[in-house]
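These notes concern the structure reproduced below.
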């Protein structure tokens, strides 16, 4: 019998070794109460990952309960690997967003690559074929070498995995701000399509049913990855490089295809990806959802090397693995399938009726834990928050140089073209991509139909820091507008909540207020939350990131035919829809001129968002519009310049605003370009100019901005290239 040298239960207690795993004294005591004895080394490791912030949401769960999660189209909401929403004709869209922030800070290529791989497996575990990838990325300012290195590595990792596995990257966002120095945000989203009768759940039930492991052999990579993702980054974080998982997209592709075949077998009982906390979370969660027990015989787990202990097996986050429960007597059918795809697989245990999570190795018991308390009784913390205090600041915007300001904003990497990154992603694999990255939302045809899925992934930070409640509403509305801009009906959303240490009162209050705003917007815009992720402790040496909720939203296009002519032409009329107010607090103009965030009472009208959005969407479907863009960062001035640069053509517009108000970021506004001869009936729409002129010209109440189109386009397209040409 193999002997593993591990601390005893007494040594764990006396030396408080559980603290190194992320458990507090009170949490350790709760484990003792649940077990009725002191836990051994494997057991305390299991509790530490299952009760980590990453797996248990112990600081955010009360806020997540505010979100509306049901609707007439929602087939499956939070609690499974991903959300499932009906799109008609017995089909559904499956989607989720996940974070891989901490791993990407330490090992950017693998951190990003495994983030993509993990979210793909979440979608596949439901039984859906992935059709879209999206990503939301944030780094420190691109003038710094370290940020260039992180950016380069993350983009390469996303492309390296996504391109190999054969899923197009269709949309996303990339921003740069000093608040993300040392703590980049890497959020990945995947969207898939499934028939209703193929939807799977991660459940283990049926006494005696075998448990099958399939995928890469288990190694020591990623041990305590979930715990690592639940703590602040520090100078010691580099030593935790082994906590970063290693991806293998070629095995990932084979696993995806094998899984999609396995879900067609009626003998499949349940399936779940081995993601955060690996074999521990997948097996214990499946047992909990099935109201069953589970017994794993760990000597049967395929391992990469000899001598891997039960503790290491259970906490490893080796990638490209799935766990299945199948009907007793049919296991060989599944093993033969996986052998056909040249994947390692084995029966490693069985479902029991004991309600216990039991782990043995060659007959020796290494863990015996009640299932429900492990899965469902993680502590939940309700803390005292405190609103951040802002000094009263009244910045003077009266004497800006509009032309110089426009060029500076347009060429800042946050607002410049992201083609440097998108060109490294396969955008067309599968031949169903209709709208590629770079515009409001990605659009992908549903194969064999006239339908299409529009998807967007949007985050907000400076406004959430400025006013968390209103900022929370804004991030949901931004995603809604981006889907409206391609004529789709917004259906539902997934969220990724990226914040600092929730044990700090101001950050806890940011989380509380912003999620309240998000929940209100979800209700008003009829976009229920069907899946999501929380990433807390995003701090470096005690400095927190801006609170950054990220929203992934999907929309339905019933008939893609209108998209054939959805493009602007020379002579089309440009309309501005909305109104401009002197809203500068949290804006990119404020950042450019003063490099800070001043508190303002910026607000959003959700009722108006719905009315305006519906009107614009109907105009697109009716073929009256050639292009639509929601006005966002940089205001109407930057948005018009981006449109001109994207199409490399001039435009002329006259606006009843001051020079500074060209860059005000008043919420709810759009630029729409109407086709010649088409009547526009949108409340708040005003004709402001013409598309397709020789030069780029904006007139304000104070003067005129005139720019050479080629110069402007080169500045917009070349900004990130210029930063990345130096050796990184």
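Note that Cβ sites are derived from N, Cα and C of the backbone, with glycine treated the same way.
Keep in mind that what you see is a predicted model, and the values were worked out from it rather than measured.
The candidate list 488, 514, 531, 535 contains one residue that Swiss-Prot assigns to the substrate site with 99, 100, 101, 102, 121, 245, 317, 318, 319, namely 535. Swiss-Prot names 57, 96, 495 for binding ATP. Of 22, 140, 459, 532, the residue it gives for the same site is 532. If you measure from the Cα atom of residue 98 (Mg(2+) 1 binding site) to that of residue 532 (ATP binding site), you get 7 Å. Each of the binding-site residues 99, 101, 319, 533 was assessed for Cβ neighbours inside 10 Å, and the highest tally belongs to 319. For the pair residue 122 (Mg(2+) 2 binding site) and residue 533 (Mg(2+) 1 binding site), the Cα-Cα distance reads 12 Å. Close to residue 100 (active site, proton acceptor) in the fold, though at least 6 residues off in sequence, lie 111, 112, 114, 115, 118, 186, 187, 188, each with a CB less than 8 Å from its CB. Within 8 A of the CB centroid of the ATP site residues 57, 96, 495, 532, the other residues of that chain are 64, 78, 97, 494, 496, 497, 529, 531, 533, 534. For residue 96 (ATP binding site), the nearest of the recorded positions by C-alpha distance turns out to be 533; the candidates were 54, 121, 273, 319, 533. Contacts of residue 57 (ATP binding site) defined by a Cβ separation under 8 A and a same-chain sequence distance of 6+ are given as 64, 534, in order along the sequence. Between the C-alpha atoms of residue 54 (active site) and residue 121 (substrate binding site), the distance comes to 18 Å.
Looking only at the binding-site residues 273, 495, 532, 533, the one with its C-alpha closest to residue 319 (substrate binding site) is 273.
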